[in-house]
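Let me begin by presenting the structure, written as structure tokens, before commenting on it.
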Amino acid sequence: MAKYVIGSAWPYVQTVPHLGNMIGSVLSADVYARYLRLRGHDVVFVSGSDMHGTPIEVEAIQLGVDPAEYAFKMHGVVAELFKRWNISFDLYTHTHSETHVAFVQEFFKRIYENGYIFTKDEEMPYCPRDKIFLPDRFIIGKCPYCGYERARGDQCENCGRLLDPKQLVEPRCAVCGSKPEWRLTRHWYLDLRRLEDKIRKYVEENPHLPQNAKEMSLAMLKEGLKPRAVTRDNKWGIPAPFPGAEGKTIYVWFEAVLGYISAVVEHFKRLGKESEWEKYWRDPDTKIIFFVGKDNIPFHVIILPALLLANGGGYTLPTTTASTEYLLYEGDKFSKSRRWGIWIDEALHLLPADYWRFILVYIRPENRDTSFTWAQALEIVNKVLNDDVGNYVNRVLSFIKSRMGGVVPPPGTPQEEDKSFLQAALQLFKKAERHYEAVELKDALHTVVEIAREGNRYLNARAPWDLLKTRPEEANAVMYHAYWSLKMLAAGLAPVIPESVEKMWEMMGRPASLTWDEALREPAPGVKLGEVKPLFRKVGEDEVKKMLQALEQMKREKASKKYPWEQALL
């Protein structure tokens, strides 16, 4: 049994996440954490709401509310939605917790004492109208690299490059649109230059990093790492702990990534095992894996390891950052302003959570940008989830229920065809295992579905309904092996569609606790089945048209409400 810390990128609670955010981090992390638990590993799965920083402060100013009120209300909304999506966090917290604030301040004090922090006076954009400095998202302009018109002062969300406000072309205040002035202010910087060789070694020698994470990180290293300001002039954040830094806060990205540690601290504190966290974050054998979209790669592959090294506290460096490409919606980027896409609160009013989980993992953008389309979603639900998976489960269990007394038959007299089918199912199951281990979640799901397809072909070829009349022992063998394959199917699908598999396992008579190893064990004859009902249903084209109409209505209703927490559909 290995120890794992699994972290999904902390959602910024300025708004509700959309489907792309979901598959890029939270859902992917949940699938992997559930798989690891099925394998019997010791897993701590954490995340939390990213509460601080300029976007929330800007939005709060524009709405006339306190940033803390805004952040806490949105945290409650997002936490509730993740529950409804069946996300199995061990702890979902937030960056304004006492534990996180104290941890971040002590962590940066140590970096300062180690000599990796220096001060520099420099000109920063200042809005004379609003009388505030304009860090990060307080300032927008054209990206100097890709030309994106609404790049932020810290990063371009279009090309992912880290930016400095002075690099923006035609900058303007995000609050009022005014042209900024440049005024002198003092900031505290992390000297990334002194850590560059160690970071390069970490990236180059890491065999687990996905291609996009490695390529983006090596490109940044090739350009040379530059010192990055760890303080900001905005008010809503964690007060900087450095001497003379009164009135400054820690830059949101530098403190949010430390949440992966502070959340584990908080988790064990809640369990009354306060020092237990060190067995995870200070044990070199612990596997630490983050799930993020590609725009978050620099902060997880460069910045966080740099912070851990600069702190010198014996922290284990992350094993990998499982980064996805972007999910598009009908060929275009999600856009709240253009009402383009589906947000996770809207989705649950259209289809059950397991349907969405299955669709998103089935099309997970692992190697290239992928587009969600309703046509493809319809095909996945109707042909894959219902016809391939649901139909096979129903065929096997309904036959045993109606023709074999509702109990798992004895192994009977297996023929070569039965042995061949079992071997094929086992090989697919082990192949799915390899994909899960490599965090290739889409390929893992596609492989698990093949077990059901193989099973449907097997039943058609062996025709147990005919064998039952003349060779009942062979019919027993067929249905025994088919039932065994359902155990593999259940284990393989459980990380993706947990609620449906729970129902499936109940129908199968709960032969044992569902684990990965249990799927490989021969079934015990005589297990009594539960009530057998179809697991899934088809979705018609007319129903999709109604869904799209309902989606538009939801978006109109949202737009009519002032506050984001009122807009969320709970």
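Quick reminder: no glycine exception, Cβ is built from N, Cα and C everywhere.
Feature annotations, courtesy of Swiss-Prot:
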- CYS143, CYS146, CYS156, CYS159: Zn(2+) binding site (BINDING)
- LYS336: ATP binding site (BINDING)
- 11-21: motif ''HIGH' region' (MOTIF)
- 333-337: motif ''KMSKS' region' (MOTIF)
Short question: which residues 6 or more past the ends of the motif ''HIGH' region' (11-21) have a Cβ under 8 Å from it?
-> 47, 49-51, 53, 55-56, 59, 71, 74-75, 77-78, 81, 94, 293, 326-329, 334, 336, 341-345, 347, 356, 360, 372, 564, 567-568
Measure from the Cβ of CYS146 (Zn(2+) binding site) and count the other Cβ atoms within 10 Å, all protein chains considered.
-> 12
Note down the number of other Cβ atoms within 10 Å of the Cβ of CYS143 (Zn(2+) binding site), including every protein chain shown.
-> 21
Those same-chain residues, other than CYS143, CYS146, CYS156, CYS159, found with Cβ within 8 Å of the centroid of the Zn(2+)-site Cβ atoms are PRO144, TYR145, GLY147, TYR148, ALA151, GLU157, ASN158, GLY160, ARG161
Integer Å value for the Cα distance linking CYS159 (Zn(2+) binding site) with the residue listed as 'ATP binding site' is 19
Looking only at DSSP and grouping its letters into three states, which state does CYS159 (Zn(2+) binding site) belong to?
-> coil
May I ask which residues of the same chain, at least 6 positions away in sequence, place their Cβ under 8 angstroms from the Cβ of LYS336 (ATP binding site)?
-> THR15, HIS18, TRP343
Could you tally the C-beta atoms, other than its own, that fall within 10 angstroms of the C-beta of CYS156 (Zn(2+) binding site)?
-> 23
Taking DSSP three-state, what's CYS146 (Zn(2+) binding site) in: helix, strand or coil?
-> coil
Including all protein chains displayed, how many Cβ atoms other than that of CYS159 (Zn(2+) binding site) lie within 10 Å of its Cβ?
-> 14
Using DSSP, tally how many residues of the motif ''HIGH' region' (11-21) sit in helix, strand and coil.
-> 3 helix, 2 strand, 6 coil
Residues of the motif ''KMSKS' region' (333-337) by DSSP state, where helix covers H, G and I = 0 helix, 1 strand, 4 coil
